[in-house]
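Visitor: Structure incoming, see below.
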Amino acid sequence: MINALIINYPWFMYLVVGLFSLAVGSLLNVIIYRLPIILQEEWKEQCCELFHFEQRKEKIKLNLFLPRSFCPHCKAMVKAWQNIPLLAILVLRGRCYQCDSPFSIRYPFVETLTTVLSLYASWHFGFTIQLLFALLAIWILISLVFIDLDHQLLPDSLTLGLLWIGLIANTQNVFVSLDVAVLSCAGAYLALWLFINLFYLMTCKVCMGHGDFKLFAAFGAWLGWMYLPIILLISSITGAIIGLIYLKINGKSRDTAIPFGPFLCISGLIAMFWGDSIINWYIGYWM
């Protein structure tokens, strides 16, 4: 029945993906905002226990689902209908109903980006098992991009989750065979680990965090070793160019830390969608 629906009414399937991804985009906004706060609270608790500090009296009681979404300015609870993606932004003209403070433009941007990438993935992969896993990867990568931009943090719950989902997908050879996925995952982590440690020995500077290792390893688990050079090359070039422009415009020193995770995420998506075309172009151009 589902196959008949896909064949006879593809527009309906795109509509389902579009509406569902809008809702997912709204959830991603919650994850992007709350997950770093939750992690920071956990780390503070662990520090208090480890060093026998007095327990903190004021604790932020927050998880990914409770309390309900609220205005970051006046803390007014968002009404149920105001959680409908994009609709509330349009009806309320992008402002809180209680204090009239403007919402961040990021909220509709994340929802729109999630929808556009999900629809493109549907067109690119078709309505197959590849699409199901690709959508999971896209949603996790969007979360990682904005969390890293805000906090220079790539949470293990997301990077390692992405890694394991990739390995699970490839137990069925969705993108590559399982043996290639496992070896590529281990090789990707080891390669970056060796490079960063050699760089530190020569310069006494840390140029990349361990979260980047895990994210790069996750791409190995998903796509195999063949795409890793593409991901590393594109992310390094774009990161260097955009980083230099950012430092120049803002008058920052060269020692200013710039998150590398967003460039890895974007490069990973490029490899997922157009990796074969890039490899074929390279072979045709040089061979």
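Glycine too: its Cβ is placed from the backbone N, Cα and C atoms.
Fair warning: this is a prediction, and the values are worked out from it, not measured in the lab.
What Swiss-Prot records for this protein is below:
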TRANSMEM  12-32  transmembrane segment
BINDING   CYS71, CYS74, CYS96, CYS99  Zn(2+) binding site
TRANSMEM  127-147  transmembrane segment
TRANSMEM  158-178  transmembrane segment
TRANSMEM  182-202  transmembrane segment
TRANSMEM  215-235  transmembrane segment
TRANSMEM  259-279  transmembrane segment
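A description of the local structural setting of each listed feature is requested, covering burial, neighbours and distances.
Guide: Sequence-remote contacts of a segment are chain residues at least 6 beyond its ends whose Cβ falls under 8 Å from one of its Cβ atoms, and for the transmembrane segment (12-32) they are 5-6, 64, 69, 83, 85-86, 106-107, 110-115, 117-119, 122-123, 127, 135, 139, 142-143, 146-147, 150.
Cβ contacts within 10 Å of CYS99 (Zn(2+) binding site), excluding its own Cβ and spanning all protein chains shown: 11.
Residues 6, 13, 17, 21, 24-25, 28, 31-32, 35-36, 106, 110, 113-114, 117-118, 121, 153-155, 158-159, 161-162, 165-166, 169, 172, 174-175, 215, 222, 261-262, 265-266, 268-269, 272 of the same chain sit 6 or more residues outside the transmembrane segment (127-147) yet have a Cβ under 8 Å from a Cβ within it.
Under 8 Å from some Cβ of the transmembrane segment (158-178) lie the Cβ atoms of residues 35, 129-130, 133, 136-137, 140-141, 143-144, 147, 184-185, 211, 214-215, 217-219, 221-224, all in the same chain and six or more residues away from its ends.
Sequence-distant contacts of the transmembrane segment (182-202), counting only residues of its own chain at least 6 positions beyond either end whose CB sits under 8 Å from a CB of the stretch, comprise 163, 166-167, 176, 208, 212-214, 216-221, 223-225, 228.
Within the chain, the transmembrane segment (215-235) has long-range Cβ neighbours (under 8 A, six or more residues past its boundaries) at 137, 144, 154, 159-160, 162-164, 166-167, 169-170, 175-176, 180-189, 191-192, 260-261, 263-268, 270-272, 275, 278-279.
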Visitor: Please give the sequence-distant neighbours of the transmembrane segment (259-279): residues at least 6 beyond its ends with Cβ less than 8 Å from one of its Cβ atoms.
Guide: 117, 120-121, 124, 134, 137-138, 141-142, 144-145, 148-149, 152, 154, 208-209, 211-212, 215-216, 219, 222-223, 226-227, 230-232, 234-236, 238-239, 242
